[in-house]
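What TrEMBL records for Tyr58 is active site, proton donor. The feature substrate binding site is assigned by TrEMBL to His120. Sequence annotations record features per position, and here TrEMBL assigns domain 'NADP-dependent oxidoreductase' to 22-303. Feature annotation from TrEMBL assigns site 'Lowers pKa of active site Tyr' to Lys87.
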Amino acid sequence: IMMDLKQSYSVRLNDGHFMPVLGFGTYAPDHTPKSQAAEATKVAIDVGFRHIDSAYLYQNEEEVGQAIWEKIADGTVKREDIFYTTKLWATFLRPELVRPALESSLKKLGLDYVDLFIIHVPFAMKAGEELLPKNASGEIILETVDLCDTWEALEKCKDAGLTKSIGVSNFNHKLLELILNKPGLKYKPTCNQVECHPYLNQSKLLEFCKSKDIVLVAYSALGSQRDPQWVDPDSPHLLEEPILKSIAKKHSRSPGQVALRYQLQRGVVVLAKSFSEKRIKENFQIFDFELTPEDMKAIDGLNRNLRYDKLQFAANHPYFPFSEEY
């Protein structure tokens, strides 16, 4: 997968569409007012972000859609300049629920298509309106849906023009093979969006994805927002890492910029989430400096297979993605 970081800052997907290599993440914990997603998305578009990543789960698509439309209305961008991703939530993996879920996102966004529609997690939760269906003892209720059936429903969404590209998220290499080896496969997944940062650099999964012409997209690339609903509060802070700090100092950059640039140089598409105007600007300024091979090697050396988002509640599901090495 070739990336020309000087040119259009985009990578060609295996279906011929192009994805900007730097994306703006819009997820925020529940206590953050949803209006902040709209403001931050407008700032992101103003500073140059063209790839916007959201999801049904984030419950902010009305706000993000409104921000995109305001930036189209004021002439900053056209719809075709924006690469917008949404995700199929775990309660909609049954094939008959896939298209209605996408149509629901499109309606909230006010868009007639998205650029990318991906399966958010490989394991299904009990179908219905509840985002996190729980039983009497407070445990999330899971169910098993054949991923190949879900995938076929995504292929139909692409054929219907509701999404330009389709992909997956939080899949390991075995789950990717399940789709790739599906009899009658019409479209390969274009990408696999996974947690990826210097403490969990996913080198084996990255190598596997490259061999199949699947783009790896990194979330939590700056560490994690440490939402206590999903993440252990005692986990180490990536951006406090001394080696990242010293490399950043050498380049007169921030540790966050180094962590993002690291991914671009490995051929990973990287998402950066911030709702602070100063940091949104900073996160976009990663195309005008280069890490040396020594820098890259030092950052590679930080890998410790530290996963912030463990999805532990699904550990007994047949499609739980994190019991495999990669």
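Cβ coordinates come from backbone N, Cα and C, glycine included.
Cβ neighbour count for His120 (substrate binding site): 19 (other Cβ atoms within 10 Å of its Cβ, all protein chains included). Separation of the C-alpha atoms of Tyr58 (active site, proton donor) and His120 (substrate binding site): 11 Å, rounded to the nearest whole number.
Each residue in the domain 'NADP-dependent oxidoreductase' (22-303) has a pLDDT score, and their mean in this model is 96.
You'll find the Cα of Lys87 (site 'Lowers pKa of active site Tyr') roughly 5 Å from the Cα of His120 (substrate binding site). Around the Cβ of the residue listed as 'active site, proton donor', a 10 Å sphere holds 19 further Cβ atoms from the protein chains shown. Packing around Lys87 (site 'Lowers pKa of active site Tyr') is summarised by its Cβ count: 27 other Cβ atoms lie within 10 angstroms of its Cβ, all protein chains included.
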